[in-house]
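Trainee: So TrEMBL has the following annotated:
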BINDING   189-196, 271-275, 333-336  GTP binding site
COMPBIAS  33-43  compositional bias 'Low complexity'
DOMAIN    354-367  domain 'SRP54-type proteins GTP-binding'
REGION    29-77  region 'Disordered'
Amino acid sequence: MEYLILGIALFVVLAVGGMVALLRSRSGTGTLEAPPETPTITRPAPPAEEEAVVAPPAERPPLAEPSVAPEIELPPPSAGRLQRLRARLARSQSTLGQGLLNLLSRDSLTDEDWDEIEDLLISADVGVAPSRMIVDELRTKVKVTGQLSPDQVRTLLREQLVAQIGPDLQRALHVDPHGGHPAVVMVVGVNGTGKTTTTGKLSRVLVGDGKQVLLGAADTFRAAAAEQLTTWGERVGARVVRGPEGSDPASVAFEAVKQGIQDGVDTVIIDTAGRLHTKTGLMDELGKVKRVIEKQATVDEVLLVLDATTGQNGLTQARVFAEVVNITGIALTKLDGTAKGGIVISVQRELGVPVKLVGLGEGPDDLAPFDAEAFVDAILG
Ligand SMILES: Nc1nc2c(ncn2[C@@H]2O[C@H](COP(=O)(O)OP(=O)(O)OP(=O)(O)O)[C@@H](O)[C@H]2O)c(=O)[nH]1
């Protein structure tokens, strides 16, 4: 009996001990290690290329354009340009040409009619003295011939205008190389008259006539002028020599001529700055540019660019430039926008220098060699 009780007690002790051990292990008491954390599953950021692929096309970085050499243009030759551009003189034609023809066709011309003819000439910028001269000549002829037919009126007027413009003046540009050097053309004038544009257009005239041209951007006052000239040059394959904004115009001109000699071009055209407030400043700058060029070559042509729409102001400017440099020719711009075609006569008289070129529009080939007869024909219609 005693053994039985002892056995039961032992069994109970063992059973309780086992239960306690089992419970302890389940309740987590004691130093249990923290359960490993569940790893956060994150979507890896797509690589940059992948983003570019999924991005809409508009957000893709632009592809670099393959560099294409600008196409070089071959402008038309200069011959016959004034005839081709004659319609551009429409305002001068209707005011001056038609006005004169109508007045002169009246049955019998009174003193008042002749005064009206003179006023018309003066208002078209022909100038007072030449206008009087034209009227006197016409009066004499009409007195001798009597009543004139419309054709006779036209012929008479044509003769008078051509005579005043000077059909025999030497208008050819000096642009041919000589003595192994290129010809050098300096383009001068007040800013805004169309100097840079005329330089660019002139390069096209010369390239169209088969010449090799180099441009010198000596208008260093305005950065855009050099840019403008570079564009003109690129279009016709003419090299452009330029300096930094504000640099010495004479040194740019020197470099341009040096480069022109090295490249063996026919003509170097130098665009200069006109934004000078005093005559002394202008004289110093243009004089220096010319002197510096002449260390290497002769200056064959000094072209004064004048805006035809500025009338008397233009003539005053012209006078100042003529005192400063030896002008050899006039480029009269913006004749397309004015009724005052008569300025050709007055500016030549004022300076004693022929108009060699006329600007008849903003298009690249709207510059024409001047021809007295073609001009008068265009004005008379
Ligand atoms: N209608 C017309 N416009 C012209 C003609 N020639 C030049 N122009 C215009 O006149 C403006 C002035 O021309 P530019 O060549 O920049 O004048 P610029 O004298 O060089 O001026 P700066 O560089 O400031 O000294 C431009 O808008 C030209 O297109 C022309 O014959 N007819």
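Just so it is clear, glycine is given a Cβ too, placed from its N, Cα and C backbone atoms.
Note that TrEMBL annotation is computational and uncurated.
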Trainee: Looking at the domain 'SRP54-type proteins GTP-binding' (354-367) alone, can you tell me the average pLDDT?
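Mentor: A mean pLDDT of 96 is what the predicted model shows over the domain 'SRP54-type proteins GTP-binding' (354-367).
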Trainee: From the DSSP assignment alone, can you count helix, strand and coil residues within the domain 'SRP54-type proteins GTP-binding' (354-367)?
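Mentor: Across the domain 'SRP54-type proteins GTP-binding' (354-367), DSSP assigns the residues as follows: 0 helix, 6 strand, 8 coil.
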Trainee: Using a Cβ-Cβ cut-off under 8 angstroms and a sequence gap of six or more, which residues of the chain neighbour T272 (GTP binding site)?
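Mentor: Counting only residues 6 or more apart in sequence, the Cβ neighbours of T272 (GTP binding site) under 8 Å are M186, V187, V188, K195, A218, D219, P249, A253, E285, L286, V289.
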Trainee: Relative to ligand 1, which of the binding-site residues G192, K195, T272 have a Cβ found under 6 Å from one of its atoms?
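Mentor: Close enough to ligand 1 are G192, K195.
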Trainee: Over all shown protein chains, what is the count of other CB atoms within 10 A of the CB belonging to G189 (GTP binding site)?
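Mentor: That number is 27.
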Trainee: Once the DSSP letters are reduced so that anything not helix or strand counts as coil, what is G189 (GTP binding site)?
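Mentor: The residue in question, G189 (GTP binding site), is coil (DSSP, three-state).
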Trainee: Measuring CB to CB from L335 (GTP binding site), give everything in the same chain under 8 Å that is also at least six residues away in sequence.
Mentor: R88, L89, S92, A308, G341, V358, G359, L360
